[in-house]
Amino acid sequence: MDKNLNQLLKWSIEAQTAANAGQSYHSNGAPTPNNNSGPATGTGAVATSPAPQVTGSGPRPVDPEVLASLFGGPSEAELMKAAMEVITDPSPETTRENKLIAFDNFEQLIENLDNANLLEELSLWSPLISLLDHEDEDMRYHAAWCLGTAVQNNQKTQERLLAMGGVPKLVDLAMKEGESEKVRRKATYALSSAVRNYQPAMDVAADEMHKRGHEVLVNNGTKVDAADMDKVDEVIDVLRNKAKSA
């Protein structure tokens, strides 16, 4: 039997058992005696016996994911697409507040490694990276945040970010004069996630920083090893310090 169907069947059996025992349940699972469980009083009244005692706290609540699976709730991939549609909707009917809420939801979804890997399949890399250029500071901030989350400890997404031109954009955002500190710090976070243990991204980031007047080399003149966390930290610290001076 399907796992979800099995869980729903168990819940149904527990609920039916409770009903047969003459119990009703509050929404929090606490049992409540029937109204006629106590002795009746008054002329002509007939006494009734107490309702049977039932141990336990009633049927366990059904897992929402089980119900969603059984009854056609949206998948997480569909939720990701829907969130991006809200974020990029040009209609004035979609408020800025709703866009930022959608961004929060999107970021939480791509914390899951499998969901982050779906960005390519769902064609979401391009719109996400393009939001680094958005006129709204908070939109740029959330775009950098989501990119940092998507590529953290994930070479597959690190490769896609680099291939889609995201690394130069993040370096530009992290070092851009006039950009707010919070946006620069979030772009730095995204770069930190993008370059660690992925040499191609480290090399591109170093080249972009060099173009902007900062040489990223170790003492012997060689490139920074992306697997050397101490050296990577030194590079990232340069960007963090520049962000503080914004």
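Placement of Cβ uses the backbone N, Cα and C atoms for every residue, glycine included.
Since this is a predicted model, take the numbers as computed values, not measurements.
As written in Swiss-Prot, here are the features:
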- 23-40: compositional bias 'Polar residues' (COMPBIAS)
- 23-63: region 'Disordered' (REGION)
- 48-92: repeat 'ARM 1' (REPEAT)
- 113-152: repeat 'ARM 2' (REPEAT)
- 155-196: repeat 'ARM 3' (REPEAT)
- 214-244: repeat 'ARM 4' (REPEAT)
Long-range neighbours of the repeat 'ARM 3' (155-196), counting only residues six or more past its ends (CB under 8 A): 116-117, 119-120, 125-126, 129, 132-133, 137, 140-141, 144-145, 147-149, 202, 204-205, 208-209, 212, 214, 226, 229, 232, 235-236, 239-240, 242-244, 246
Distal contacts, the repeat 'ARM 4' (214-244) - CB-CB under 8 A, six or more residues away: 174-175, 181, 184-185, 187-188, 191-192, 195-199, 201-203, 205-206
Model confidence over the repeat 'ARM 1' (48-92) (mean pLDDT, whole number): 73
